Amino acid sequence: MWSSLNEWLWHERFWLPPNHTWAELEDPDGLVYAHPRDMLAALPLALALVAVRLAFERFVGLPLSRWLGVRDQARKPLKPNPTLEKHFLTEGGKPKEPQLALLAARCGLTLRQTQRWFRRRRNQDRPCLTKKFCEASWRFAFYLCSFLGGLWVLYHESWLWTPAMCWDNYPNQPLKLALYRWYLLELSFYTSLLITLPFDIKRKDFKEQVVHHFVTITLITFSYSANLLRIGSLVLLLHDSSDYLLEACKMFNYTHFRRVCDTLFVVFSLVFFYTRLVLFPTQIIYTTYYESIANSSPFFAYYFFNTLLAVLQLLHVFWSYLILRMLYSFVKKGQMEKDVRSDVEESDSSDGEAAQEHPQLKNGAAPTDGPRRRAAGRLVNGHTPAT
């Protein structure tokens, strides 16, 4: 059964253009071609990158953050409260006002004290600036090295300057060792990002990031297996060209170098828009959709690869919208606001709780003093509010 499934999965009609077989890519005459089994080396290399990352963040990122003046915000101590803690873990960290009133009455606290407890408890789960800086510094180092390495690998290749050359004599395109190593490193890195996903900082575009990682890993693996290395390498290089600028913006955003951060963000935005909204659709997607089948008919890999590229382009549009929001704020206020994807800490004076400190009963009577006054303040003619 396994043999039949394996034979069906690797049938030539799925991976190669019509009238081509795997026998043509079996390293004839001393040439080396890409083979799907080569990508298995990415798994141990991904684990190695996780170890390298931990060492980098501890011995490079952390000292660098201190040298640049990154300081974690002091967090006020939180008094243990089993009742509120149980509600936080089971029902969520942002209870509605009726729930707050009932919890306050049950714990013998005022509404304001209960609000403050949940606010401080939420702050405990938020990552500190040092952790954010270390994570950004690691990604900056990798993306910069990957971009420079990709330029070195592809600079003298014809398809870098003329994407239509990606389909010259396809699929009979021998594999170069430098391209294989760079490809393997990219796949290992994105695999390591999936491994550390539960421990990384979760931003508001977390779901989009997960989709991006899965699409990228699928693109790298599929393009290597189908010997689409040339067009795949262009996709990787194009993405790396702006990613390291974004991570540099994050690093300076966590320091006091606001002007450097703002300048880098403008540069990043221009590079991002040009590479993701201009070059990617007009050069990458155009050549894979039209020029790739100039000398052959469409096949499964053609449709699948173009679908993955279309998903990437949708993600580019989504992130472009977020960038435009920040640029609009920059032009309007003259200063870059925080990353719209970030989750910032809350102060003890937020949510307008001071205005709720002395609510009135609906019958006009003032609430009595004591821990249960907030619950009493929501009674209407002796009836409890619906929950």
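Here the Cβ of each residue, glycine as well, is placed from N, Cα and C on the backbone.
The shown structure was predicted, so the numbers you read here are calculated from the model rather than taken from an experiment.
The following features are taken from TrEMBL:
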type: TRANSMEM; residues: 39-56; note: transmembrane segment
type: DOMAIN; residues: 84-128; note: domain 'Homeobox'
type: DNA_BIND; residues: 86-129; note: DNA-binding region
type: DOMAIN; residues: 131-332; note: domain 'TLC'
type: TRANSMEM; residues: 136-155; note: transmembrane segment
type: TRANSMEM; residues: 180-199; note: transmembrane segment
type: TRANSMEM; residues: 260-280; note: transmembrane segment
type: TRANSMEM; residues: 300-324; note: transmembrane segment
Inset, instruction - Would you report the average pLDDT that the model assigns to the domain 'TLC' (131-332)? - result: 92
Legend entry - Result, the transmembrane segment (300-324) in contact with the transmembrane segment (180-199) (3+ CB pairs under 8 Å): no
Inset, instruction - Go through the chain and flag residues at least 6 beyond the ends of the transmembrane segment (300-324) whose CB is under 8 A from any CB in it; none is fine as an answer. - result: 13-16, 205, 208, 211-212, 215-216, 218-219, 222-223, 226, 228, 235, 269, 272-273, 276-277, 280-281, 284-285, 288-289, 292-293, 340-341
Inset, instruction - May I ask for the residues of the chain that lie six or more residues beyond the transmembrane segment (39-56) and have a Cβ under 8 Å from a Cβ within it? - result: 137-138, 141, 184-185, 187-189, 191-192, 195-196, 220-221, 224-225
Legend entry - Number of helical, extended and coil residues in the domain 'Homeobox' (84-128), per DSSP: 34 helix, 0 strand, 11 coil
